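Colleague: The repeat 'TPR' annotation in TrEMBL covers 32-65, 100-133, 214-247, 260-293, 298-331, 332-365. Taken from TrEMBL, the feature domain 'J' applies to 385-455. The compositional bias 'Basic and acidic residues' annotation in TrEMBL covers 444-456. Taken from TrEMBL, the feature region 'Disordered' applies to 444-472.
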Amino acid sequence: DGVLITLSWVMSTNGLIVKLFLSFISLSSREAESFKEQGNAYYIKKDYSEAFNYYTKAIDMCPKNASYYGNRAATLMMLSRHREALEDSQQAVRLDDTFMKGHLREGKCHLSLGNAMAASRCFHRVLELEPDNSQAQQEVKNADSVLEYEKMAEIGFEKHDFRMVVFCMDRALESASACHRFKVLKAECLAMLGRYPEAQSVASDILRMDATNGDALYVRGLCLYYEDCIDKAVQFFVQALRMAPDHEKARLACRNAKALKAKKEDGNQAFKDGNYDVAYELYSEALTIDPNNIKTNAKLFCNRGTVGSKLKKIDQAIEDCTKAVKLDETYIKAYLRRAQCYMDKEEYDEAVRDYEKVYQTEKTKEHKHLLKNAQLELKKSKRKDYYKVLGVDKNATEDEIKKAYRKRALMHHPDRHSSASAEIQKEEEKKFKEVGEAFTVLSDPKKKSRYDSGHDLEDDTGNMGGEASGPGNFFFQFG
């Protein structure tokens, strides 16, 4: 009897516990539903943060309800927290594999994060559950488009068609807006195209969301490297390698940056020390390190051009400066160096063209003076060069001018060519007159000064016809 009484008491107690448990479950379910409804209300009001809080409370009360995870996933998507949204969507379909909205949201999260293949699988699962679901049908097309743009971008990158890659990534990001991989690839190609501010902006946006993203750190460094801020660039490359030790692009860029800086600095020091041949070789070696570093290479070409001019390799210097301005059309120093080389070669038209370009860009007194001087030399070059007529240097003394005049006058005097053909006589007479004309100008200090200053002397030279007379009424006559 005692055993029966005890058994009866236990059964009665267990029944009470079960009832209490069921009552608690019912109460929890009602409370969870209340939290869900409040979450829905905030979601409709677009107050997604509050909606998230209430959906979380509902999940805490009933952690086995798939729809609560689905609702919170939708809220997280609106908050652009796609990775967390993906986790909630996956939990929802684990709890209920027939939960169509859960599969749809999981697919959208995968697509937003750039995983188009996984997204496509999710959308096809939706179509298995609901074959006429138009939203899933459209999302399948979106996923296919992203995959196609990925393939095109990969081919474009291999061919160094960086504009094509940027185009493809822009199209892909319309569906995969949260994909850091696509954004980094776009940023890297923008850097390769020289669009550094845009590349920096994209990389910085990623780093604001993920400060440890090695790819974004690499792109930041790449932009600085290509803008010739090598020390800062190295810092970013080192940081990228710290976050991603196997990042080969960052490792190569870091090595190139350090090598480029060292060669350039060694070349600069050799130049300062007057070791021009050594400097020339060092700059040449630096130019082989990274053909893609346009800005630094422009400076290296200009530096080598400067060394070339010191070594009297004027044509080579002009060629190097031309390469520099092709790489960087805004590089004033290269235009100035090339213009000076043209002046040294007496190619004044080209010098004036370069100085005009410089003055249009930077209207300084110095640049204006250089332009006017080149224009004056151009004007002078189009007149008769009396120094060449006499065969003397522009810095010749008065005695040197007299001696040269006598020599040339004797050489071209008509009496000396009286037995020559009529054509030769005419040519020698013309040269004889030019010699007399040159001497008339260069032997007169005032006329010489005006001539050297570029003034026109048509009214000053007079007619040097007949027998030419020289200093001290020295006559040239042959009998």
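Glycine is treated like the rest: Cβ placed from N, Cα and C.
Just tell me what is around each of these and how deep it sits.
Modeller: Same-chain residues lying 6 or more positions outside the repeat 'TPR' (32-65) and placing a CB less than 8 Å from one of its CB atoms are 71-72, 74-76, 78-79, 95.
The average pLDDT computed over the repeat 'TPR' (100-133) stands at 97.
Broken down by DSSP into helix, strand and coil, the repeat 'TPR' (214-247) contains 27 helix, 0 strand, 7 coil.
Per DSSP, the secondary structure of the repeat 'TPR' (260-293) breaks down as 24 helix, 0 strand, 10 coil.
Residues 228, 264, 267-268, 271, 276-277, 279-280, 283-284, 286-287, 337-338, 340-342, 344-345, 361 of the same chain, all 6+ positions outside the repeat 'TPR' (298-331), place their C-beta atoms under 8 angstroms from a C-beta of that stretch.
In the domain 'J' (385-455), helix, strand and coil residues by DSSP number 53 helix, 0 strand, 18 coil.
Under 8 Å from some Cβ of the compositional bias 'Basic and acidic residues' (444-456) lie the Cβ atoms of residues 376-377, 379-380, 386, 394, all in the same chain and six or more residues away from its ends.
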Colleague: At a C-beta cut-off of under 8 Å, are there same-chain residues at least 6 beyond the repeat 'TPR' (214-247) that contact it? List them, or none.
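Modeller: Beyond its ends, the repeat 'TPR' (214-247) has Cβ neighbours at 180-181, 184, 187-188, 191, 194, 196, 199-200, 202-204, 206-207, 253-254, 256-258, 260-261, 292-296, 299.
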Colleague: Going along the chain, which residues at least six beyond the ends of the repeat 'TPR' (332-365) come within the CB cut-off of under 8 Å?
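Modeller: Residues 298, 301-302, 305-306, 309, 314, 317-318, 321-322, 324-325, 371, 374-375, 377-378, 381 contact the repeat 'TPR' (332-365) from elsewhere in the chain.
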